[in-house]
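According to TrEMBL, the feature ATP binding site maps to GLY10, SER11, GLY12, LYS13, SER14, SER15, ARG120. Sequence annotations record features per position, and here TrEMBL assigns Mg(2+) binding site to SER14. Look at TrEMBL and you will find ASP32, ARG56, GLY79, ARG143 tagged as substrate binding site.
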Amino acid sequence: MKIILIGYMGSGKSSVGKALATHLSVKFLDLDAKICAEENKTIPEIFSTNGEIYFRRKEAEVLKKLLEREESYVLSLGGGTPCYGKNMQLIKNTASVTSIYLKTGLLQLKERLIVEKDSRPLIQDLKTPEVLEDYIRKHLFERTFYYNQSDLTVLTDSKSVEEVVHKVVESLD
Ligand SMILES: Nc1ncnc2c1ncn2[C@@H]1O[C@H](COP(=O)(O)OP(=O)(O)O)[C@@H](O)[C@H]1O
Ligand SMILES: O=C(O)C1=C[C@@H](OP(=O)(O)O)[C@@H](O)[C@H](O)C1
Ligand SMILES: [Mg+2]
């Protein structure tokens, strides 16, 4: 069993993934954390030192490696992972994978991302909440095409992490 969590920045992939893996007693993998460990840098440091193209190459390479693992796990992707190269195709073609789109509304995303902008290079320079909201609206629209290719969708608005875990488990049955 391989569960892959997909969704926009701030949708809760990392938090829900960790809690879900504990609930299911399987290994938790976070793609960003793996990339950071391999590069010995934070995500903002990778973007500022090596650039986004380098990050996307590394992201695809680490994803491929993790998909080749035989064990059961919950894997949380980065928000952009399914939207680049052949990543989504690869996820769909890998045996035993269930991909789940954590679908979160614009205003909830904005609220969460306002306070966590600095850890996310794509939005760290956006100066006002209004500009951030406009950015998320457009970016989310562009990315939804990829997110919608997930096997399952779970709506997360007004749910705690534990409630989202519960919904995910329900949707897997
Ligand atoms: N369902 C939720 N309810 C409340 N806060 C949440 C929920 N899911 C995530 N968060 C918070 O939102 C922020 C972004 O979550 P994170 O798991 O890092 O998202 P992602 O990995 O999708 O970018 C974190 O501060 C996290 O604690
Ligand atoms: O949406 C994106 O392109 C990104 C999302 C981030 O992960 P989270 O979705 O966990 O914030 C991280 O991979 C990087 O900052 C790029
Ligand atoms: Mg994350």
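Note: Cβ is positioned from N, Cα and C throughout, glycine not excepted.
Please treat TrEMBL annotations as automatic predictions, because they have not gone through curation.
Note on proximity: among ASP32, ARG56, GLY79, ARG143, the binding-site residues of the record, the Cα nearest GLY12 (ATP binding site) is that of GLY79.
LYS13 (ATP binding site) has a Cβ environment of 28 other Cβ atoms inside 10 Å. Looking at ARG143 (substrate binding site) and SER11 (ATP binding site), their Cα atoms lie 13 Å from each other.
Report note: the ATP site is defined by GLY10, SER11, GLY12, LYS13, SER14, SER15, ARG120, and the residues of the same chain whose CB lies within 8 Å of the CB centroid of those residues, excluding them, are GLY7, MET9, VAL16, SER76, GLY79, LEU102, ARG112.
Ligand 3 lies under 6 Å from the Cβ of LYS13, SER14, out of the binding-site residues LYS13, SER14, ARG56, ARG143. Under 6 Å, Cβ to nearest atom of ligand 2: this is the test, and of the binding-site residues SER11, GLY12, ARG56 it is passed by none.
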